């Protein structure tokens with residue numbers, strides 16, 4: 001290879017391969033295969049060396065990265081007295097076996113999977129498709145927990161990566177396969193790995209796709225895993241992706257109310273900015289305003305989100321809601337309207353609250369803010385139906401009950417502080 005590179009430099013940095021003119025970095029494989037059966041020396045490299053017939057035939061039969069492998073196999077088998085057609089068939093047979101094995105994993109056909117593993121344990125290390133998905137990726141993404149368990153018992157690497165550096169755990173979370181996800185976590189899957197697409201973790205995936213069961217399982221694992229010791233739980237909950245977005249940002253943007261609630265309960269920062277420390281950026285409230293979920297906006301406001309916070313373009317959430325034509329959200333975010341009732345600052349984190357009292361206080365806050373919102377929407381001539389679109393707590397209350405809500409809230413607060 002050194003001789004070939006030297007010859008290439010003497011010829012201006014490029015060489016002519018049996019196929020076409022391509023840079024030396026790409027031609028080295030083809031030239032190496034060519035010289036295996038040619039008497040031509042690198043110093044006497046012809047301008048247009050002919051493609052040896054066996055390799056030309058192989059090139060037509062096998063494409064991509066398999067060509068170089070096929071060439072070497074042809075050479076070795078020719079030395080042993082075998083013909084080149086058996087090599088081409090061998091490569092194609094291997095690809096077909098991998099495809100059959102992948103199909104069996106996807107469909108959960110345990111007998112076929114076990115039989116093929118017994119015949120050739122190498123199929124456990126095979127990958128399919130452009131994404132380079134391993135059998136463990138396929139089993140996790142399709143919820144094949146029996147196949148997944150069998151693969152893990154065979155000591156398959158639990159954090160094997162595909163082309164985008166996604167782990168099987170990430171794919172299980174992405175597709176909402178909670179059983180497979182829990183099995184992977186029990187097997188020691190790392191919940192603090194980042195993909196190469198947007199540098200997101202499995203917690204980001206759970207918030208993005210709205211799988212609240214998966215999200216809760218990940219948060220539970222974070223309490224007892226090495227993550228809690230090395231990073232700290234609060235830091236993990238507020239982990240940023242490549243764009244600076246936390247899981248709370250993604251839940252707010254994609255209208256994932258239950259995930260939003262769970263993240264806030266576990267210490268997600270309602271004021272987190274995508275711009276990082278000391279720099280303006282979008283907050284979860286900006287994201288909710290863009291997504292158009294009145295319920296997400298309502299919950300973030302109840303947890304103390306700032307309606308006047310500017311993003312990197314100098315816009316407040318109210319402006320973002322107007323730009324995206326979410327009039328109901330804009331009415332709630334209008335800075336000129338009365339401020340909503342929010343959590344008392346000493347009581348914003350779940351660790352400081354009794355569960356029963358917390359649920360009562362939260363419902364009271366939401367009901368009080370909901371009645372306030374109805375008045376705002378009526379003033380702006382906006383139908384109140386959007387308020388009831390995606391919230392399970394919207395019960396009709398009487399005027400007398402509405403008047404009692406603020407007093408109930410402060411009574412609960414006083415009881416908790418005593």
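Glycine residues also receive a Cβ, built from the backbone N, Cα and C atoms like all the rest.
Annotations in TrEMBL come from automatic prediction, not curation.
Listed features, source TrEMBL:
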COILED    347-378  coiled coil
REPEAT    131-163  repeat 'ANK'
REPEAT    164-196  repeat 'ANK'
REPEAT    243-275  repeat 'ANK'
REPEAT    280-312  repeat 'ANK'
### Message
I need to check the long-range neighbours of the repeat 'ANK' (131-163): which residues 6 or more away from its ends have a CB within less than 8 Å of a CB in the stretch?
### Response
101-102, 105-106, 108, 110, 113-114, 117, 121, 123-125, 169, 171-172, 174-175, 177, 179-181, 183-184, 187-190, 193
### Query
Helix, strand, coil residue numbers for the repeat 'ANK' (243-275) per DSSP?
16 helix, 0 strand, 17 coil
### Mean per-residue pLDDT computed across the repeat 'ANK' (131-163)
96
